[in-house]
Amino acid sequence: MLLSLTQMLSSRASSRLFLVSYLLLWENVVSTSTCAEKDATIQDSLEKLLTLTTFMSQVVSSETAKLFTEFNNQYAQGKRYNDRIPGTCHTEFFDTPVNKEQSLVRTPETLLTLVHSLLNSWTNALNHLVNEMSTMQGDTSSLISKAREIQAKFDELTTGVKIVQSMIGERDIATYSAWSGLASLQSSNEDVRCFSFYTMIRCLLRDSRKVNTYLEVIKYKMVDQNNC
């Protein structure tokens, strides 16, 4: 199963195709509440989508870690950024469980809304991350390519989460936390720009790991335990 999912997610088009396929499949099925008894078709579709979405979140988390490592190696060596007082992430507004144990006490519906909100909060930020990174000194082509792939998969994850919410009859009440770091990314001071990118990618890594953890818990509760 892991190998086939890796192959499915090897290109942007293929992963989006699978999400759209599940969306089209769901248009022919009447939504039901999480706690209601589901027929085999609904449960099977839900399991497949959650498996795909959870694995995709693992891929995103891994790709974000690679982006952070590459940026750190290329721009942050010897600058002791870890010793500086870091700026807070723009998603600090959300009441997020800090680990899997805390996540397990939340309902799947609550976690789905939280995941959706976190993903929404990075839409604008990721767009600027991709567009502004070329202003850094040196060759940024690899960094930009990685950031674009992450941006695309965030969009696909958002689609997957919205489909899951529709499948369980959950009303979409996701919100977002506005990102306001553009001025720092466009600063004329190279060190300010560099530290801003460093902090931004660090926050992206933190949130991508949270999304992965929450989706794993959602899958555990809704598929492995088959309860609510």
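The backbone N, Cα and C atoms fix where each Cβ goes, glycine too.
Copied over from Swiss-Prot, here are the features:
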SIGNAL    1-31  signal peptide
DISULFID  Cys89-Cys194  disulfide bond
DISULFID  Cys203-Cys228  disulfide bond
Item checked: Cys194 (disulfide bond) in three-state DSSP notation -> helix
Next item on the list: Kindly assign Cys203 (disulfide bond) to one of the three DSSP-derived states: helix, strand or coil.
Entry: helix
Margin query: Give me the count of other Cβ atoms within 10 A of the Cβ belonging to Cys203 (disulfide bond).
Written below: 21
